[in-house]
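J.: For B:21-45, B:52-72, B:78-98, B:110-131, B:166-184, B:205-231, B:251-273, B:285-305, the entry in TrEMBL reads transmembrane segment.
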Amino acid sequence: MKMTFKTALLSTILAAGLAMPAFAQEVLKLPNMSYRTGPFAATGTPHMNGQRDYMTMLNERDGGIGGVRVAFDECETGYNTEKGVECYEKSKAEGALVTQPWSTGITLQVLPRTNVDAIPMYAPGYGFSAMQDGKTFKWAFNPPTSYWDGASMIMNAISDGDLANLKGKKVAFLHLDHPYGKEPLPLLEKLAADHGFELLPIPVGLSEMQNQSAQWLQIRRERPDFVVMWGWGAMNAGAITEAVKTRYPMDQFVSVWWGAHEPDLKLVGEEGKGYRALSWNFADPNAKLMQDVKKHVVDAGKSQLNQGAGEFESTPYQRGILMSVILAEAVKAAQEHAGTKMINREQLRWGLENVKLDEATLEELGATGMMAPFSMSCSNHTGHAGAWMVEWDGTKFNKVSDLLSADRAVIDPLVEKAAADYAAANQPWQMNEECTQ
Amino acid sequence: MSYLHSIFVAPFADMADAPDFFLQVVWEGLVSGVLYALIALGFVLIYKSSRIFNFAQGIMVVFAALTLVGLHENGVPALLAVPLTLLVMFVLAVGIERAVLRPLVNQPDIILFMATIGITLFLIGLGETIFGGANKVMITEQLGIPTGSWVVEPFGGFVSVEQKDVTAVVGAVLLVIALLVFLNKSKMGRAIRALGDDHQAALSVGISLSTIWVLVWFISGIIALATGIVWGARAGVSFALEVIALKALPVLMLGGLESVTGAIVGGLAIGILEKVFEIYWGQPLLGGNTEAWFAYMLALLVLLVRPQGLFGEKIIERV
Amino acid sequence: MFYRIAGQYKTSYGADYALFPIKQDAWLLALILVFAFVVFPLTASDFMFRALLIPVLIYALAALGLNILTGYAGQLSLGTGAFMGVGAYACYKLITIFPEMNIIGAIVLSGFFSAAAGVAFGLPSLRIKGFYLAIATLAAQFFLLWLFQKWAWLYNYNASGAIQVPNTQLFGVTITGAQAPVLAQYFFVLITVCILTAFAINITRGRIGRTWKAVRDMDIAAELVGINLMKAKLSAFFVSSYIVGIAGALFVFLWRGAAEADLFDIQLSFRVLFIAIIGGLGSILGNYLGALLIVALPVIIGTVPAAVGLPISSAMVEHLNTMIIGALIIGFLILEPHGLARLWALMREKLIIWPFPH
């Protein structure tokens, strides 16, 4: 096991541009920015393990994508935006086909550069919501749903499908005080103004993630009807334990998909019953896809995951797998369209715009029910797959809703405005003029 | 006018309206205060005996807690893991004395201060290399710390008191008493204080500098472990704890760098005041998160009046 | 041999106080400048510029600012990161309020904002000293950071709470923003750093610099010989924060391209402090050496395992990196507590008399 791991790594490293150029042409460089250290490692690591393991699985099972091996190098950022810029420059110099910044802060820094450097930026389920507008953000993709989609779906779910039900109620928005956590605020503010509910934003500073007693005292005093959480890393576990302590009713506590994280809930076990999270994926360890990963990667000892802790069965790990599935599908589409196995950045961009993950494809991949089907186009870089509410029953998450979808009529105008503002602030900005949809 | 009202009247009206909630706020503040005090205590001990401003106290807390949890994860029973962790902290103290302090004897304060920041970085790297960067759960139950909570119901409301917080407060009090007895009654303790009072004189009566330094760093290690268990039980064990440890700095400034009493009083005062300020003034008027700076500003204001802190020794300068 | 001073006579006090009492020093500096202005631009890659050269220059400038305060005037500051932030946010506000403003003008002005903040938080230095003063600067650090987060006007009510650098031009060349060619950014940073360094060298050699040193060495004694302590300390805070503020503006505008408040956290302050101390307090050269060590070394160490083919995960590289930096800091402090600059000075002394040490 050790030998193969070594040789695999060695070949990736050699291929990473330090050795002969002839060698370098034989792999698809799809690097990732990871953060397996620091306070955010708790949620970061399982996702990154998943992303990595799917690519490893493709290499092992199919010899890569379309017969070309994938070099899935990681560059450690520790969620530090400074490291992010360094990693971006490094991977760009090494000829990476894509950049996966993995932090809304890094995304914001890298986004304008990708537009100039012509590198596709792939931010699955995170990043800047306005990236949906493919005409403005020619090179950026955030499938399968954006944060604004997520916020809209959560509000729809807690109001039982009609936001008018929220009139006069109070919704606390507990969020990380960071670009990521502030992302849904414009949409929520608009919804609050339109539907007459009170929005109470409660920021959690980076240094307070594990000690949220002030925030939860505020929640206890204000008695909001719902708490919507936009947390990450150590913050989620902190919030869930504080919620239990404050005796806040768990069925009024809803999180975005990053909060569908089993280890955080296991801390409180039974007492977390009723806690809900919106998730665009649903863990199914028995799906054919997962069994293939298990067979070719996990059991073969090529994975870094923590099996003892049940990571394989967990939602975030499987979400990471799906993140790589979407990317790999884009590569496949690009290879077919371009008629070459060794695609370039422009071709991958085409591939991402033409990802079609319909029921049939999901079936073929062995991922039925793990995520909702979606497709992207040149004007729609998000795909809007929709998501489910999952509820913690004391030991695991269960699907408790039908597939939810976001309120496009509210989001799209906001996206349009945000994209236009962004382009105006970054003049001269390269738009995708060819896209006519 | 309404602005003045919201500053000077409304917060107090709030407090009187919901006294149970006010008690809860004070209790939460008190528990954080105990932690600040414990971390500050580690600083004070080292500063008293060696004039080193030990920035590494925060990371020692993390390191001790990580070692404890890491040992337990590798199959060591919890009650055996504690003495083993103490052994590790002792080795660490010896290592620091040998590798860092001894070669830097007699250097200016700021150099030693920087060296402790170097130790901090080194320990962060070492800890992450050995234990990984992910968060860990403190082995609260295995150590026999109760995890339930009591609910008191005064004034028709409720105050929820976590049993582990109570354990933390009681444990901290016992630790401080033990420490005071040790410092005041034992020979070693007196030697530590002597060194703090007058380096030269202490050395001339035969007190060994390196023994005392190892001892002091080891005691700080014990305090670090206690802090780590208490804080870890509350919020999990991770490197983010190190940031919280910075709060000990204003505590020290408020209380005075050399004073054990100062560290305790300062810690409790800052813990309670910052929480009360945050809830009654910060959140309604300033948009929250004032805990990030309140302690520093308070310490600054106190220093302007008393430049050596509340309990610090008066600095006498001669030209 | 290369550093022979034979034949270089000094015939006046002026000559003895000259910037380069020895001709070879001037040659060495010229050589470094040739590298910086000609050789690097011709040879370095984008990665070299963005990950090594530009950050080293900017960090060195920030450390230079801090060094004036801590190394020359003896006032310990832990708030450098926040003062850099003031510079960056001021520059951003100036550029967005007056879009037609020249980027040079905006950067020059933004320094004054951080200088004002520096003086405000420097006021307690008149009453408190040493580590106790560090708390005042820490208060600045945490308070200003909080302000950057809460005061939405500062980031133009941006939804993400981040500031995004617009594309601006200077003499027809884009200097800031994503469109800017890296070479133009490099030269802009390099020239700014050179000008400010020349300014710092001269101010520290002159009357003001001597006043600062007197205050640093013993403030009561300095007061007794007639130095106005208030003026000396506050002017140190002013000049220091001005340079730090400019470094902050460059940091965001010429390097990062976007910034959120957390960028200017206490870790940044410590980083700059490391550079100043490892480089050498009370030295100008030291800031550059320190920045090379603290900023460039991790980048280089990070590429080593991959280059020699060691199968280490990227996370492990980061862990080891932190450890190595920590060990290096301790190592250098033990080896030479006065910093790399002193190490160089000793080497220079040896070179002057080499190969005949007696």
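Quick reminder: no glycine exception, Cβ is built from N, Cα and C everywhere.
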J.: Out of B:21-45, B:52-72, B:166-184, which stretch has the largest tally of CB pairs under 8 angstroms to the transmembrane segment (B:251-273)?
T.: B:21-45
J.: If we skip the immediate neighbours and take only residues 6+ beyond the ends of the transmembrane segment (B:78-98), which ones have a Cβ under 8 Å from one of its Cβ atoms?
T.: 60, 63-64, 67-68, 71-72, 119, 139, 142-144, 210, 213-215, 217-218, 220-222, 224-225
J.: Would you mind listing the long-range same-chain contacts of the transmembrane segment (B:166-184), meaning Cβ under 8 Å and 6+ residues beyond its ends?
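T.: For the transmembrane segment (B:166-184), the list is 30-31, 34-35, 37-38, 41, 45, 145-146, 150, 190, 192-193, 219, 223, 226, 230, 233-234, 260, 264.
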J.: Contact between the transmembrane segment (B:285-305) and the transmembrane segment (B:21-45) is defined here as three or more C-beta pairs under 8 Å separated by at least 6 residues; is that satisfied?
T.: no
J.: When each of B:52-72, B:110-131, B:285-305 is checked against the transmembrane segment (B:205-231) for Cβ pairs under 8 Å, which one has the most?
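T.: The stretch with the most close Cβ contacts to the transmembrane segment (B:205-231) is B:52-72.
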